[in-house]
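Visitor: Annotation source TrEMBL lists Mg(2+) binding site at Thr37, Asp38, Asp39, Asp253, Asp255, Thr256.
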Amino acid sequence: MCDALGAPAEFHARGTFAHIDTLQPNRSLNLEVGAWTDDTSMALCLAKSLTRTTPPSFSLEEQAGRYVSWFRTGYLSAVGYCFDIGVATRSALCIWERQPEEALGVVARDFAVESKCGNGSLMRVLPISLTYFRDESVATRCARESSMPTHPHEMCQEACALYTLLVCRILQWTEARDWGKSKAHLLSIVREFPYVNDKLRDTLADGEFVNKPREEISSSGYVLHTLEAALWAFFTTATFEDGAVLVVNLGDDADTVAAVYGGLAGAWY
(Lines of atoms letter the chains of each structure in order from A; the text may use other names.)
(Lines give C-alpha, C1' and ligand atoms only; values in the text may rest on other atoms or scores of the structure.)
Protein backbone atom coordinates (compact mmCIF):
# COMPACT_ATOMS: atom_id res chain seq x y z
CA MET A 1 0.00 0.00 0.00
CA CYS A 2 2.58 2.60 1.05
CA ASP A 3 4.96 1.59 -1.74
CA ALA A 4 2.22 2.22 -4.31
CA LEU A 5 1.17 5.43 -2.54
CA GLY A 6 4.68 6.83 -2.64
CA ALA A 7 5.70 5.64 -6.10
CA PRO A 8 4.34 8.70 -7.98
CA ALA A 9 6.62 10.92 -5.85
CA GLU A 10 9.74 8.84 -6.52
CA PHE A 11 12.53 10.80 -8.24
CA HIS A 12 10.77 14.09 -7.45
CA ALA A 13 12.32 16.61 -5.08
CA ARG A 14 10.29 17.62 -2.07
CA GLY A 15 7.86 20.40 -2.84
CA THR A 16 7.96 19.95 -6.61
CA PHE A 17 4.84 17.78 -6.91
CA ALA A 18 1.21 18.07 -5.90
CA HIS A 19 0.37 16.89 -2.39
CA ILE A 20 -0.35 13.15 -2.31
CA ASP A 21 -3.03 11.77 -0.02
CA THR A 22 -4.55 9.02 -2.15
CA LEU A 23 -3.42 6.35 -4.59
CA GLN A 24 -2.85 7.72 -8.07
CA PRO A 25 -1.21 6.72 -11.36
CA ASN A 26 2.57 6.83 -11.57
CA ARG A 27 3.15 9.02 -14.60
CA SER A 28 6.94 8.85 -14.32
CA LEU A 29 6.92 5.08 -14.85
CA ASN A 30 3.60 4.83 -16.71
CA LEU A 31 1.97 2.68 -14.03
CA GLU A 32 -1.68 2.35 -13.13
CA VAL A 33 -3.12 3.19 -9.73
CA GLY A 34 -1.97 0.78 -7.04
CA ALA A 35 1.04 -0.65 -8.86
CA TRP A 36 3.83 -1.59 -6.49
CA THR A 37 7.52 -1.19 -7.26
CA ASP A 38 10.77 -3.04 -6.64
CA ASP A 39 10.34 -2.68 -2.86
CA THR A 40 7.29 -4.92 -2.74
CA SER A 41 8.47 -7.25 -5.50
CA MET A 42 11.69 -8.05 -3.65
CA ALA A 43 9.85 -8.44 -0.34
CA LEU A 44 7.48 -10.89 -2.03
CA CYS A 45 10.46 -12.79 -3.42
CA LEU A 46 11.89 -13.10 0.09
CA ALA A 47 8.51 -14.14 1.50
CA LYS A 48 8.10 -16.80 -1.18
CA SER A 49 11.58 -18.12 -0.48
CA LEU A 50 11.03 -18.33 3.28
CA THR A 51 7.66 -20.06 2.96
CA ARG A 52 8.51 -22.54 0.22
CA THR A 53 8.83 -25.24 2.88
CA THR A 54 7.18 -26.09 6.18
CA PRO A 55 8.72 -25.12 8.55
CA PRO A 56 10.17 -22.04 6.81
CA SER A 57 13.65 -22.37 5.38
CA PHE A 58 16.34 -19.74 4.94
CA SER A 59 18.72 -19.86 1.97
CA LEU A 60 20.56 -16.83 0.63
CA GLU A 61 21.17 -18.61 -2.66
CA GLU A 62 17.48 -19.41 -3.07
CA GLN A 63 16.53 -15.85 -2.22
CA ALA A 64 19.02 -14.46 -4.71
CA GLY A 65 17.69 -16.78 -7.39
CA ARG A 66 14.22 -15.31 -6.95
CA TYR A 67 15.58 -11.77 -7.08
CA VAL A 68 17.28 -12.62 -10.37
CA SER A 69 13.99 -14.05 -11.68
CA TRP A 70 12.24 -10.80 -10.79
CA PHE A 71 15.01 -8.77 -12.42
CA ARG A 72 15.07 -10.77 -15.65
CA THR A 73 11.52 -12.11 -16.08
CA GLY A 74 9.30 -9.87 -13.95
CA TYR A 75 8.56 -12.55 -11.36
CA LEU A 76 6.23 -11.00 -8.75
CA SER A 77 6.28 -7.64 -10.51
CA ALA A 78 3.04 -5.64 -10.57
CA VAL A 79 3.26 -5.39 -14.36
CA GLY A 80 5.12 -8.53 -15.44
CA TYR A 81 8.56 -6.99 -15.90
CA CYS A 82 11.21 -5.23 -13.83
CA PHE A 83 10.85 -1.49 -14.37
CA ASP A 84 12.73 -0.09 -11.36
CA ILE A 85 15.87 -1.39 -9.69
CA GLY A 86 18.61 0.14 -7.58
CA VAL A 87 22.13 0.48 -8.95
CA ALA A 88 23.79 -1.74 -6.32
CA THR A 89 21.01 -4.31 -6.53
CA ARG A 90 21.31 -4.51 -10.30
CA SER A 91 25.09 -4.91 -10.14
CA ALA A 92 24.88 -7.58 -7.45
CA LEU A 93 22.17 -9.56 -9.25
CA CYS A 94 24.24 -9.55 -12.43
CA ILE A 95 27.00 -11.23 -10.42
CA TRP A 96 24.53 -13.77 -9.05
CA GLU A 97 23.35 -14.45 -12.58
CA ARG A 98 26.85 -14.98 -14.00
CA GLN A 99 28.51 -16.86 -11.16
CA PRO A 100 25.97 -18.06 -8.58
CA GLU A 101 28.39 -20.30 -6.72
CA GLU A 102 30.88 -17.50 -6.07
CA ALA A 103 28.48 -14.57 -5.91
CA LEU A 104 28.09 -14.33 -2.14
CA GLY A 105 31.83 -13.99 -1.67
CA VAL A 106 32.28 -11.62 -4.59
CA VAL A 107 29.51 -9.32 -3.39
CA ALA A 108 30.83 -9.41 0.19
CA ARG A 109 34.28 -8.43 -1.08
CA ASP A 110 33.30 -5.73 -3.57
CA PHE A 111 30.09 -4.23 -2.17
CA ALA A 112 30.89 -3.78 1.54
CA VAL A 113 31.65 -0.08 1.08
CA GLU A 114 29.59 2.88 2.22
CA SER A 115 29.09 4.10 -1.34
CA LYS A 116 26.91 1.01 -1.82
CA CYS A 117 24.86 1.52 1.35
CA GLY A 118 21.54 1.91 -0.41
CA ASN A 119 18.20 0.84 1.02
CA GLY A 120 17.73 -2.21 -1.22
CA SER A 121 17.96 -4.79 1.55
CA LEU A 122 16.06 -2.80 4.18
CA MET A 123 13.11 -2.31 1.84
CA ARG A 124 12.61 -6.06 1.41
CA VAL A 125 13.36 -7.38 4.92
CA LEU A 126 9.83 -7.29 6.46
CA PRO A 127 9.02 -10.99 5.77
CA ILE A 128 11.85 -12.02 8.11
CA SER A 129 10.03 -10.58 11.13
CA LEU A 130 6.68 -11.94 10.01
CA THR A 131 8.20 -15.41 9.76
CA TYR A 132 10.46 -15.54 12.82
CA PHE A 133 8.96 -13.01 15.25
CA ARG A 134 8.62 -15.54 18.07
CA ASP A 135 12.42 -15.90 18.19
CA GLU A 136 13.91 -12.45 17.78
CA SER A 137 17.50 -13.72 17.96
CA VAL A 138 16.86 -15.88 14.90
CA ALA A 139 14.94 -13.06 13.25
CA THR A 140 17.66 -10.46 13.70
CA ARG A 141 20.37 -12.88 12.60
CA CYS A 142 18.43 -13.79 9.47
CA ALA A 143 17.71 -10.10 8.84
CA ARG A 144 21.42 -9.33 8.85
CA GLU A 145 22.19 -12.28 6.61
CA SER A 146 19.37 -11.43 4.21
CA SER A 147 21.21 -8.22 3.34
CA MET A 148 24.29 -10.11 2.16
CA PRO A 149 23.27 -11.00 -1.43
CA THR A 150 23.16 -7.33 -2.45
CA HIS A 151 24.07 -5.00 0.46
CA PRO A 152 26.73 -6.59 2.69
CA HIS A 153 27.93 -3.44 4.46
CA GLU A 154 27.62 -3.44 8.25
CA MET A 155 25.30 -0.42 8.16
CA CYS A 156 22.82 -2.16 5.85
CA GLN A 157 22.89 -5.34 7.92
CA GLU A 158 22.38 -3.44 11.16
CA ALA A 159 19.54 -1.35 9.76
CA CYS A 160 17.77 -4.57 8.74
CA ALA A 161 18.32 -6.05 12.20
CA LEU A 162 16.98 -3.02 14.09
CA TYR A 163 13.92 -2.73 11.87
CA THR A 164 13.24 -6.45 12.22
CA LEU A 165 13.56 -6.28 16.00
CA LEU A 166 10.98 -3.49 16.17
CA VAL A 167 8.44 -5.43 14.12
CA CYS A 168 9.13 -8.61 16.10
CA ARG A 169 8.41 -6.86 19.38
CA ILE A 170 5.15 -5.44 18.06
CA LEU A 171 4.03 -8.89 16.92
CA GLN A 172 5.09 -10.47 20.21
CA TRP A 173 3.10 -7.90 22.19
CA THR A 174 0.10 -8.41 19.94
CA GLU A 175 0.19 -12.19 20.27
CA ALA A 176 0.46 -11.84 24.06
CA ARG A 177 -2.40 -9.28 24.04
CA ASP A 178 -0.12 -6.87 25.84
CA TRP A 179 -2.12 -3.76 25.03
CA GLY A 180 -0.24 -1.60 27.52
CA LYS A 181 2.72 -1.02 25.25
CA SER A 182 3.12 2.37 23.63
CA LYS A 183 5.34 3.88 20.99
CA ALA A 184 7.57 5.02 23.86
CA HIS A 185 8.40 1.37 24.49
CA LEU A 186 9.39 0.99 20.84
CA LEU A 187 11.52 4.12 20.98
CA SER A 188 13.36 2.66 23.97
CA ILE A 189 14.26 -0.32 21.78
CA VAL A 190 15.76 2.06 19.24
CA ARG A 191 17.74 3.76 22.01
CA GLU A 192 18.95 0.53 23.62
CA PHE A 193 19.83 -1.37 20.45
CA PRO A 194 23.45 -2.67 20.55
CA TYR A 195 24.74 -0.56 17.69
CA VAL A 196 28.05 -1.38 16.06
CA ASN A 197 27.83 1.10 13.22
CA ASP A 198 28.77 4.56 14.45
CA LYS A 199 26.57 6.48 12.01
CA LEU A 200 23.45 4.54 12.93
CA ARG A 201 24.24 5.03 16.62
CA ASP A 202 24.89 8.74 16.23
CA THR A 203 21.64 9.26 14.32
CA LEU A 204 19.24 7.04 16.26
CA ALA A 205 20.51 6.03 19.70
CA ASP A 206 19.58 9.22 21.55
CA GLY A 207 16.07 9.18 20.11
CA GLU A 208 16.31 12.86 19.26
CA PHE A 209 15.52 12.23 15.59
CA VAL A 210 11.84 12.34 16.55
CA ASN A 211 12.22 16.04 17.35
CA LYS A 212 13.71 17.01 14.01
CA PRO A 213 11.70 19.30 11.76
CA ARG A 214 10.67 18.00 8.36
CA GLU A 215 13.39 20.07 6.70
CA GLU A 216 16.09 18.07 8.50
CA ILE A 217 14.75 14.67 7.41
CA SER A 218 16.28 13.30 4.23
CA SER A 219 14.36 10.76 2.15
CA SER A 220 17.25 9.72 -0.05
CA GLY A 221 18.09 6.14 -0.97
CA TYR A 222 20.96 6.04 1.55
CA VAL A 223 19.96 3.36 4.04
CA LEU A 224 20.57 5.58 7.06
CA HIS A 225 18.33 8.31 5.65
CA THR A 226 15.62 5.83 4.69
CA LEU A 227 15.49 4.23 8.12
CA GLU A 228 15.55 7.55 9.95
CA ALA A 229 12.80 9.02 7.76
CA ALA A 230 10.57 5.96 8.15
CA LEU A 231 11.03 5.91 11.93
CA TRP A 232 10.48 9.67 12.13
CA ALA A 233 7.18 9.41 10.25
CA PHE A 234 6.08 6.54 12.48
CA PHE A 235 6.96 8.13 15.82
CA THR A 236 5.64 11.61 15.02
CA THR A 237 2.15 10.61 13.89
CA ALA A 238 -0.78 8.87 15.57
CA THR A 239 -2.48 7.02 12.72
CA PHE A 240 -1.37 4.83 9.84
CA GLU A 241 -2.85 7.25 7.33
CA ASP A 242 -1.21 10.36 8.78
CA GLY A 243 2.20 8.72 8.77
CA ALA A 244 1.76 7.40 5.25
CA VAL A 245 0.77 10.80 3.87
CA LEU A 246 3.60 12.49 5.75
CA VAL A 247 6.25 10.09 4.49
CA VAL A 248 5.28 9.93 0.82
CA ASN A 249 5.28 13.71 0.55
CA LEU A 250 8.94 13.78 1.55
CA GLY A 251 9.64 12.91 -2.10
CA ASP A 252 12.95 11.63 -3.48
CA ASP A 253 13.00 7.87 -2.72
CA ALA A 254 9.44 8.19 -1.48
CA ASP A 255 8.24 4.72 -2.44
CA THR A 256 10.97 2.94 -0.52
CA VAL A 257 10.84 5.16 2.56
CA ALA A 258 7.07 4.67 2.54
CA ALA A 259 7.41 0.90 2.16
CA VAL A 260 9.72 0.76 5.17
CA TYR A 261 7.33 2.95 7.15
CA GLY A 262 4.38 0.83 6.03
CA GLY A 263 5.79 -2.43 7.31
CA LEU A 264 6.37 -1.03 10.78
CA ALA A 265 3.16 0.98 10.91
CA GLY A 266 1.13 -1.89 9.49
CA ALA A 267 2.31 -4.13 12.31
CA TRP A 268 1.58 -1.46 14.92
CA TYR A 269 -1.85 -0.30 13.79
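The backbone N, Cα and C atoms fix where each Cβ goes, glycine too.
Those TrEMBL annotations? Automatic predictions, nothing curated.
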Visitor: Most Cβ neighbours within 10 Å: which of the binding-site residues Thr37, Thr256 is it?
Guide: Thr256
Visitor: For Asp39 (Mg(2+) binding site), which residues of its chain lie six or more apart in sequence with Cβ-Cβ distance below 8 Å?
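Guide: Result: Asp3, Met123, Arg124, Asp255, Thr256, Ala259.
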Visitor: What number of additional C-beta atoms lies within 10 angstroms of the C-beta atom of Asp255 (Mg(2+) binding site)?
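Guide: A count of 28.
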Visitor: With Cβ-Cβ distance below 8 Å and at least 6 positions apart along the chain, what are the contacts of Asp38 (Mg(2+) binding site)? List them in sequence order.
Guide: Trp70, Cys82, Asp84, Ile85, Gly86, Thr89, Gly120, Met123
Visitor: May I ask you to report the DSSP-based helix, strand or coil state of Asp255 (Mg(2+) binding site)?
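Guide: In three-state terms, Asp255 (Mg(2+) binding site) counts as helix.
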Visitor: Which are the residues of the chain, Thr37, Asp38, Asp39, Asp253, Asp255, Thr256 excluded, whose CB is within 8 A of where the CB atoms of the Mg(2+) site average out, their centroid?
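Guide: Other same-chain residues near the Mg(2+) site: Asp3, Gly6, Ala7, Glu10, Thr40, Asp84, Met123, Ala258, Ala259.
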Visitor: Please list, in sequence order, the residues in the chain of Asp253 (Mg(2+) binding site) that are at least six apart in sequence and whose C-beta is under 8 Å away from its C-beta.
Guide: Glu10, Asn119, Ser219, Ser220, Gly221, Thr226
